[in-house]
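Asks: From TrEMBL, for reference:
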- 52-456: domain 'Major facilitator superfamily (MFS) profile' (DOMAIN)
- 118-137: transmembrane segment (TRANSMEM)
- 149-168: transmembrane segment (TRANSMEM)
- 180-200: transmembrane segment (TRANSMEM)
- 271-291: transmembrane segment (TRANSMEM)
- 311-331: transmembrane segment (TRANSMEM)
- 343-362: transmembrane segment (TRANSMEM)
- 400-424: transmembrane segment (TRANSMEM)
- 430-451: transmembrane segment (TRANSMEM)
Amino acid sequence: MSWSTGSPPLQLINLPLLATVSHQTWAGGHSRSGRAVPHISLSLPRPECQVWTGTLLLGTCLLYCARVSMPVCAASMSQDFGWNKKEAGVVLSSFFWGYCLTQVVGGHLGDRIGGEKVILLSASAWGFITVATPLLAHLGSAHLAFMTFSRILTGLLQGVYFPALTSLLSQKVRESERAFTYSTVGAGSQFGTLVTGAVGSLLLDWYGWPSVFYFSGGLTLLWVHPPLDGFQVDLPPPSDLILALGILAQGLPVSRHTKVPWRQLFRKPSVWAAIISQLSAACSFFILLSWLPTFFKETFPSSKGWIFNVVPWLVAIPASLLSGLLSDHLINQGYSTITVRKFMQVMGLGLSSVFALCLGHTSSFCNSVVFASASIGLQTFNHSGISVNIQDLAPSCAGFLFGVANTAGALAGVVGVCLGGYLIETTGSWTSVFNLVAAISSLGLCTFLVFGKAQRVDLRPAHEDL
């Protein structure tokens, strides 16, 4: 794997070292003196590329470890604090309201100061909040209010991650290698769900629900902790959060883009096609993620929960990696970029929705697990389709554009999950939910097939050092 850069290769050990690269000049940028720098491609040695990608993969894994800690602990916390289903639902859903609010901000900050800095700061903060969650729960008698506030804050902090990641990869990964890199890093979402689902369940039984938050939050703080001998920050390390804030306060050179070309972006049908496709992919995923466990529990009450809660995510991890390898291979074989992106969307939105429809027309537990695993696994092909298409369209402001698309997707997901519950309640049939998934997926797929493009639509802004 090679990365486009105008500076010598960097030894990347863990995430804080990423914060030291934002002052480097990348392909097509400008030097400190303001002179244009030609595009220079240097191929990093494979071990360094693997460490870089592995670091971000681990970050995505820990993001989801912290995110799903509350759902894993919700039942136990409800018993301890006397929450009913409605109150527990308020706590669980509050994450997404915070998550919706910082998508665009995270993308814009990633484009402006560097995605690596945004990731470092946000991970330090959400790790701290996750570890502090059990303490917040026992501050007073208003357990519901404190936990709702904690989840909103966690959503706000995690909302910047993927837009900043998109900004980072769009600037530092070649077009022919974006799909595999993004799909590899994206596989951390499935892996993180598995880790907290498995290890978190054991911790919950052995030590109680606070241990799950200590586990996921503690791992995140370890991830962002720097090796002090290789990290040039002249600050004492009383805490990772203070250290992360200090990094930004050190005055490291940052790049400032010119204004985001709002009008130029939103006048392009290809941009709207990308937004609608991302919205559809996110909404379909949230509906399945939210309702599949209940579907299996009610339809097959005697089945083992660990099977249907684990198997689909085990399938999704290799499927995500395969989609990236296949996408990059096809592009390197000479297929046009947009042809490959559309093929990935046919798999991620089209074929996956076919298997979702099959879930509503089978009475076999085995077949249902297979269909659910196929649907969830194929949805990971979206990582190699629409997610990297946004980087194709506007690499100079990909974080901002992804933030817009993901905000729409998160809001649509909240509405879609609520609508799914309404359909189940009124029709008494799970088929209506899977029909909803198929309809939403078809809308996004058709829009992208007709209007999707891979040509750049952004202006190439000049850079200057602050």
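Heads up, residue numbers simply count up from 1 along the chain you see.
Backbone N, Cα and C atoms are what each Cβ position is placed from, and that goes for glycine too.
Help me understand the surroundings of these features in the structure.
Replies: Within its own chain, the transmembrane segment (149-168) is flanked in space by residues 18, 56, 59-60, 63, 66-67, 70, 91-92, 94-107, 109-111, 114-116, 118-119, 122-123, 125-126, 129-130, 132-133, 136, 182, 185, 387, 390-391, 397-400, 402-403, 406, 410, which lie at least six positions past its ends and keep a Cβ under 8 Å from the stretch.
Through the fold, the transmembrane segment (180-200) approaches residues 1, 53, 56-65, 67-69, 72-73, 165-166, 169, 173, 212, 215-216, 309-310, 313-314, 316-317, 320-321, 323-325, 327-328, 380, 383-384, 387-388, 391 of its own chain, all at least 6 residues removed from its boundaries and within a Cβ separation under 8 Å.
Counting same-chain residues at least six beyond the ends of the transmembrane segment (271-291), those with a Cβ under 8 angstroms from any Cβ of the stretch are 265, 345, 348-349, 352-353, 356, 372, 375-376, 379, 382, 385-387, 389-390, 393-394, 401-402, 404-406, 408-410, 412-417, 420-421, 424, 433, 436-437, 440-441, 443-445, 447-448, 450-453, 457.
When Cβ-Cβ distances below 8 Å are used as the criterion, the transmembrane segment (311-331) is approached by residues 175-184, 186-187, 190-191, 193-194, 197, 292, 337, 339-341, 343-344, 347-348, 369, 372-381, 383-385, 388 of the same chain, each at least six residues removed from its ends.
The list of residues near the transmembrane segment (430-451) in space but at least 6 beyond its ends in sequence, with Cβ under 8 angstroms from a Cβ of it, reads 269-270, 272-274, 276-281, 283-284, 287-288, 291, 295, 299, 342, 345-346, 349-350, 352-354, 356-357, 359-361, 385-386, 412, 416, 419-420, 423-424.
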Asks: Which sequence-distant residues neighbour the transmembrane segment (400-424)? Criterion: at least 6 residues beyond either end, Cβ under 8 Å.
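Replies: Answer is 93, 96-97, 99-100, 103-108, 111, 159, 162-163, 166-167, 260, 265, 271, 274-275, 278-287, 290-291, 387, 390, 393-394, 430, 432-433, 436, 440.
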Asks: Looking only at the domain 'Major facilitator superfamily (MFS) profile' (52-456), report the model's average pLDDT.
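Replies: Residues in the domain 'Major facilitator superfamily (MFS) profile' (52-456) carry a mean pLDDT of 82 in this prediction.
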